[in-house]
Amino acid sequence: MSIERHNQPMPFEQKSEKDVPNDTYYQGPAGEDIQPREEETLRALKSRQISMIAIGGAIGTGLVIGSGTSIARSGPGSVFIAYCIMGVVCFGVLLALGEMSTKYPTKKGFAGHGTRCVDSAFGFATAVIYLCKYLILSPNQIVAGSLVIGYWNQSINKAVWVTILIVFVIAINTLGVKWFGEVEFWLSFIKIITLTGLILLGLIIDLGGVPGQDRLGFAYWKHGRAFKPYKSTGDTGKFLGWWNAMVLALFAYTGSELVAITVGEAKNPRKTVPAAIKKTFFRIIFFYIFGILIIGMVVDSSSPLLAQAAKAGTSGGASASPFVVAIKAAGIKVLPSIINACILIFTISAANSDQYVATRTLYGMAMDGHAPRIFRKCTKRGVPWVAFMFTGCFMGLAYLVSSADALKIFNYFVNTVTILGGLTWVSILSSHVAFMRGMKAQGIDRDTLPYKSPFQPYLTYFSLVMIVLVCFFKGFDAFIPWDYKTFITNYIGIPVYVIAYVGYKLFYRTKAVKMHEMDLTSGSREFFDIDDEDHEDLHYQTLTWKEKIVYQIKNW
């Protein structure tokens, strides 16, 4: 069966005799068009791994350390409201991804959804900003790891720790997706155990469970400390404080979308992706919303300790975490060093997953025809080795840590991560709006989707409006007073996004996809075993009750 392609021309895509024609499909048992398998990368990620990676990718220094800066600037009330709103937006992004990724479980990433539903130029711009984000993030996490190690030893040059961390990341990523999935599962598992322990400890401290300390309750929310003014006074200052908390909350949540990157290497994405998204919803409520509520209850936003921690940032290691500030205020010893070790694991996990995402994003661009075909080349273990070599070179930026001036310049680049992450969410939600409009124009019922998410289309529209507002006004503090460096780092992602889109569109003369011509059938299935019972389910049935308990704990 041959289907006409309405996609725009793919400039880097050149077919050879060995290639399977992209317009060749076979009729599946359910009447769907089945495209032949692409076996470059391997579908080896298990359900528990994808589920853990989904939340582990989002839990990082932004929550454990960056939340301290947010509370110091804005107050616990503003931060709590901001995390609730951005939590809804984050969930909206995940639901949008869930619908599109389960319908089209391709290896092109969510940029491929932009190409299919909006415009080839739109897909290219989406991939460019997402790639830029992770080319910066990976070395940044390695820098953060070396600084965290400095909590114990300042005498050894940090470049030594950078080298060790880079070697570790290279080793895990080159061993193949099975090794990556398993290592990232356990690192993310440690993250979740650590954060759960910190939240419970914070609750104990708040309820007066520490000897010699009274119950705190909401004592730190009284006398105007819940909503602190920022950059101004009065109600205007409190509003700006809340808006700054919104920006920092966006930074804390970005990374949740990486579950869509794993779709191309998931054993059964139509089962694992929706399950991961559903679990992520409850984890967002517990780890982010409940967690930030507890932090705001046990840390005084006006505390000198918190002010010092916020100023130190990641370079302060465990001492920069608001949890540690609360622990010190409660007079608990030893724990800060243990937490520092856990924060080191946070940074190693983040560096590992960020490098994975950077590589798969470039690989996805090549699969989508937006990068040279050479980046499609993979090893027998399913590792896109050419793409990995290219993106891995950027980890060398981490050596800037050995020079204070160079590190300062690098940190300016890091400040652009939030806008790049925000624009990525804008692209995902815009693609989903176009996807839903295309289905409506072609008379396709949403009930036919493999995964139909709730609250649609309203949640996608709400999330899109909110994220556009945050991206547009995120750099307001650059004007109070005027600071051109802050302005550039806050908004440089927008011209990169626009130039990538307009430049591609003008050069290749692409046209926007028409709703009634949108290709909503091809590529909806790239593998034949979707309906088969998963081997993991069969294995679960053979386990003893003790083994089933362990299995359920691992899969939570």
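Any Cβ shown, glycine's included, is placed from N, Cα and C.
Any TrEMBL annotation is an automated prediction that lacks curation.
Residues annotated as region 'Disordered' in TrEMBL: 1-33.
Look at TrEMBL and you will find 50-72 (among others) tagged as transmembrane segment.
Per-residue confidence over the domain 'Amino acid permease/ SLC12A' (50-515) averages 83 (mean pLDDT, predicted model). As annotated by TrEMBL, domain 'Amino acid permease/ SLC12A' applies to 50-515.
Marked as transmembrane segment by TrEMBL: 78-97 (among others). Same-chain residues lying 6+ beyond the ends of the transmembrane segment (78-97) with a Cβ under 8 Å from its Cβ atoms: 58, 67, 70-71, 110, 226-228, 238, 241-242, 245-246, 248-250, 252-253, 256-257, 259-260, 273, 277, 280-281, 284-285, 288-289, 292-293, 296, 425, 428-429, 431-432, 453-456, 459-460, 462-463, 466-467, 470.
Within the chain carrying the transmembrane segment (117-136), a Cβ under 8 angstroms from the stretch's Cβ atoms is held by residues 7-10, 100, 109-111, 354-355, 357-358, 361-362, 364-365, 368-371, 391, 394, 397, 413-414, 416-417, 420-421, 423-424, 427-428, 430-432, 434-435, 438, 493, 496-498, 500-502, 504-505, 508, 510-513, 518, all 6 or more beyond its ends. The transmembrane segment feature in TrEMBL is assigned to 117-136 (among others).
Taken from TrEMBL, the feature transmembrane segment covers 156-173 (among others). Residues 138, 142-143, 145-147, 149-150, 179-180, 183, 348, 351-352, 355-356, 359, 383, 388, 392, 395-396, 398-399, 401-402 of the same chain, all 6+ positions outside the transmembrane segment (156-173), place their C-beta atoms under 8 angstroms from a C-beta of that stretch.
The feature transmembrane segment is assigned by TrEMBL to 185-205 (among others).
As annotated by TrEMBL, transmembrane segment applies to 240-260 (among others).
Same-chain residues lying 6 or more positions outside the transmembrane segment (281-299) and placing a CB less than 8 Å from one of its CB atoms are 55, 59, 63, 67-68, 71, 75-77, 79-80, 83-84, 87, 90-91, 94, 192, 195-196, 198-199, 202-203, 205-206, 216-218, 220-221, 252-253, 256, 306, 322-323, 325-326, 329-330. The annotation transmembrane segment is assigned in TrEMBL to 281-299 (among others).
The transmembrane segment feature in TrEMBL is assigned to 330-351 (among others).
What TrEMBL records for 382-401 (among others) is transmembrane segment. Beyond the transmembrane segment (382-401), the same-chain residues lying 6 or more positions past its ends with a Cβ under 8 Å from any Cβ of the stretch are 40-42, 44, 131, 134-136, 138-140, 142-143, 146-147, 158-159, 162, 165-166, 169-170, 173-174, 176-177, 265, 355, 358-360, 362-363, 366, 374-376, 407, 409-410.
Here TrEMBL flags 413-437 (among others) as transmembrane segment.
Annotated transmembrane segment per TrEMBL: 458-476 (among others), in sequence order. Proximity of distant same-chain residues to the transmembrane segment (458-476), defined by a Cβ-Cβ separation under 8 Å and at least 6 residues beyond the stretch ends, is recorded for 85-86, 88-89, 91-93, 95-96, 231, 240, 243, 246-247, 250, 418-419, 422-423, 425-426, 429-430, 432-433, 436, 486-487, 490-491, 494.
The transmembrane segment annotation in TrEMBL covers 488-508 (among others).
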**Q.** Cβ contacts under 8 Å made by the transmembrane segment (488-508) with residues that lie 6+ beyond its boundaries
**A.** 8-9, 11, 119-122, 124-125, 128-129, 132, 412-413, 415-416, 418-420, 422-423, 471, 474-475, 478
(Q) With Cβ-Cβ distances below 8 Å as the criterion, list the same-chain residues six or more beyond the ends of the transmembrane segment (413-437) that contact it, or say none. (A) 89, 92-93, 96-97, 99-100, 110-111, 113-114, 116-118, 122, 125-126, 129-130, 132-133, 136-137, 140, 247, 250-251, 254-255, 257, 260, 446, 456-457, 460-461, 463-464, 467-468, 470-471, 474, 486, 489-494, 497, 513, 515, 518
